[in-house]
Each structure stands twice: as structure tokens, then as C-alpha cells.
Amino acid sequence: MTEKKYIVALDQGTTSSRAVVMDHDANIVSVSQREFEQIYPKPGWVEHDPMEIWASQSSTLVEVLAKADISSDQIAAIGITNQRETAIVWERETGKPIYNAIVWQCRRTADICEQLKRDGLEDYIRDNTGLVVDPYFSGTKVKWILDHVEGSRERAKRGELLFGTVDTWLIWKMTQGRVHVTDYTNASRTMLFNIHDLDWDDKMLDVLDIPRAMLPQVRKSSEVYGQTNIGGKGGTRIPIAGIAGDQQAALFGQLCVKEGMAKNTYGTGCFMLMNTGEKAVKSENGLLTTIACGPSGEVNYALEGAVFMAGASIQWLRDEMKLISDAFDSEYFATKVKDTNGVYVVPAFTGLGAPYWDPYARGAIFGLTRGVNSNHIIRATLESIAYQTRDVLEAMQADSGIRLHALRVDGGAVANNFLMQFQSDILGTRVERPEVREVTALGAAYLAGLAVGYWQNLDELQEKAVIEREFRPGIETTERNYRYSGWKKAVKRAMAWEDHDK
């Protein structure tokens, strides 16, 4: 029998599909990536072709094994992590989608959400699903498809149509239509799932007129769901053994599996999650309550806060303001000055996310004087990412009663040493940057490997987790609070800008 040497993680993201091969020491052996088309039928609408998602993901699986010269019988298991909330409806018989995937960014269901608010359902939705009423989540997207594709609701009631988030769609295709499942983390992002009862919520299904017959079975994040023989040189059937939504996968990849541990992912935006253990903490400060992965893939809970503009604000400096030619240059220019010269940049280009939730806020630069130059503005833009992270962390600490001792970080912007040091300074806590940057894929790999015994337990994984660099606060509390109070003043003045009644 061939030794099972590797784990494969499939990382299905918003703009690309990736496959990563990892060995027993959690080293990356091979990576393959394919981008796919973003479809914008109308302003504010975002779609993907589900067949293109499948084609890009399945081809990366074949490609990543070929690149590493690995046969499928050397793979112990496959783990899947995915863009969350994106909704797909397809025919059970043919596997053919009845409409394009409606992507998490799509705002077309704003009117449905406004009706839910008028119907007085905000408290029910927050109390039972942990979410706010927003087009972001899957439920209203499924309703929209059933409302607009003729005859689809009746077909769904007859069991002819199936709904799934991207993980469910991939597993359906990988198992040739034999397995229709999701995991608790993805289910918790649909606005259809009761996070306390751990079952689909009948009231929400009734309100949105979504037949239960079309919903997947909900399972743990770490167990064998089915097998696939797609990809590789051999015909061996490989267990599919781990599923988690991308942010929960990153939390697990960072081994934040104990109550009070938190990670922040610095991408286009920022996603911060804090594990709250077996207790679902209701937020009074504009955060989401969501399901995370416990030590062996069982249900834990987390608080989540999203910052809309992180890396995107650096792209703005590069593409629109032309102050830098490459995102990596931002650190160089920021360190050419000793501070921001009193400048604050509030990058509220699309409003403000947690904990403010102000869609009418707009971007602004405050504190301009004659002595301010482009380096000050670049530095202030970088600092805004750290300030927004503190906003979210303060909300988390207020909700949970937990004082954070260290923040684990991942995502593209963590390579910026200036930003990471300033993040530590403004939080007053350690910032830990891991050696392995592929923590989302790592989380999916860990979940799959634990399910099949490739790794025995978390203690074994902890030994493999190497912190590449630790950043510690380098400013006094008085200075920290003075700078942060300036940020709070700037945010207050940027809020409600587009709301002409205020």
C-alpha cells in the first residue's frame, strides 16, 4: 500500500480557485491557482458562473498534483475552504445551475432586507442566526433566485432543485451528485440556520419561502463526507474530510481554538474573529455571532467584525492617487516620516463596517496643514487599517469580557512590518505573524487531516505552528490613547456624509 504522504486543501475564493498540497510537517509542497470571471449584470450586482467555479477548482486539483509529481493514492484527504455566503441553486438530476451564483458582495436583495426590517424581524434574526439583516448573507439570495426563475419554487418543493454555498456545490460535483452536505460554519452564514439549535430555522425558511427539501445536510467541519477520484494519476478514491468557510478556516489554521484567541486577516478588507468557546455571545456592539471550529471540528462560536477597506485603501493610494507605484512601496514611504503630522485618513469609500455600520460615511482626510506631504498621507492610510482593527477589537472585548493577550495575523498586508508594528502599538498587545502565510488553506488541511488520522490531535499541530515574528507595543499608554482619540474624532466627522437629512 502506498504511504499517504500529503493533504490537499482546495481554497475556492472570490476571484480565484486554488489548490495547495501540504506534507505532514505542514510545509507547502505545491500550489496551483486559476482566476475566473467576475460578472456584473447591473450596478451593485455580482455573479459567478458555477460551472466556471467548478472547472477552475477541479483543474487546479489535477494541476497541483502534476506539478508536485504526486499520484492520488499518496493523498490522505482533501479539505475545502471557500468564499462564504455565495449562493448556488442547481438541478438535482442534471447538476446544472438554474442561475448564476449570486456572490456575497451582491447588493440586489437590499429591498428584501428592508422588508424584513419593516416586518420587525431584525431581533429574531440576530437572536437566532447571529447575523444582521443584510444582502451579504445567502438567504435573501436564494429567495431572489426562486422569485425570478420561473417555476423554480415548485420544483424545489418537489425536491428537484438543490441549494448550496460553494463548499456544497464543490462536494456535489466531486462526488458525482452523491453527497449534498455543508458544514456548520458555512450554514451559519446563510441567515437560514439557527446557531443555537444547530438546525435550519423553520421560521426563516417560512419568511423567505425557501423549501427545506432543497437544503443540504449540515455536518461537523472535520469528518469524512464522501470520496472523490477526480485528479491525480491513479484512480484512487480520496476522502473529502474537512470543510470550513474561509475566515473560520483561517481561525483554525492559526490554531485559535481556545476561548479568547483571535486572528485578523488583512486582505482587501479585514476580517477579525475571536473564538468564544462553547458560548454564543450576542453582540451589543455591531459584531456578528457566528460558528467556528472547535479543537476537533466540533461547534465553537466566534464574534466576527469586518472592516471594508484595508488593502483596498493601499490600492487607492496606488491606482487613484498615484502616490505609490506598488503596494509594497507603502512601507518605505511611511517610514520616511516620523509620524503623520496630525493627519488622519478615514477610508470609508463604501461606508463603514463593524462596529459602526454606517453606509452613508465617506472617505476623508483630516488635519491637513501646509507641512503635510505625500509620505504623511501614505503613513496615515496605513495607520487607518490598524485603527479600524482596534475599533473591532474594542467591540469584541466589550461583548465577550475577554482581554486579548495576542493577535494572530495573516493575509497579504502582514508582510508590511511598519503596519504590524503600528498595529501592536495601537492595540497595546502582541501581534504574532506565522511562518506559514497560507493559513486559510492550512485550516482546511488541518480539519481534513485530523478527520482521517493523518494528524492525531491539536498538540501535534501546535508543534508545527511557528511564529515567524512577534511585534510588541513600543509606545506608552498615554500616547496610544491620544492617537486613538484623534482617530475617533475623524471617524465621527466622516459619518453620515451622504445622508443629507443629518
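Cβ coordinates are placed from backbone N, Cα and C, and glycine is handled just like the others.
The DSSP secondary structure for GLN315 (ATP binding site) is helix. Marked as ATP binding site by Swiss-Prot: THR14, THR15, SER16, THR268, GLY311, GLN315, GLY412.
Contacts of ASP246 (sn-glycerol 3-phosphate binding site) defined by a Cβ separation under 8 A and a same-chain sequence distance of 6+ are given as ASP11, GLY13, THR81, ASN82, GLN83, ARG84, THR440, in order along the sequence. The sn-glycerol 3-phosphate binding site annotation in Swiss-Prot covers THR14, ARG84, GLU85, TYR136, ASP246.
Among the features that Swiss-Prot reports, ADP binding site is placed at THR14, ARG18, THR268, GLY311, GLY412, ASN416, with the record citing sequence analysis. Other Cβ atoms within 10 Å of the Cβ of THR14 (ATP binding site), summed over all protein chains shown, number 19.
The glycerol binding site feature in Swiss-Prot is assigned to ARG84, GLU85, TYR136, ASP246, GLN247; the stated evidence is sequence analysis. Around GLU85 (sn-glycerol 3-phosphate binding site), the same-chain residues six or more apart in sequence whose CB sits under 8 Å from its CB are TRP104, TYR136, PHE137, SER138, LYS141, THR165, ARG189, THR190, listed in sequence order.
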Secondary structure at GLY412 (ATP binding site), reduced by DSSP to three states: helix
Rounded inter-Cα distance in Å - ARG18 (ADP binding site), GLN247 (glycerol binding site): 16
Most crowded position, judged by CB atoms within 10 A, among THR15, GLN247, GLN315, ASN416 as binding-site residues: GLN247
Cβ atoms near SER16 (ATP binding site) (within 10 Å, other residues, all chains): 14
Most crowded position, judged by CB atoms within 10 A, among ARG18, ARG84, THR268 as binding-site residues: ARG84
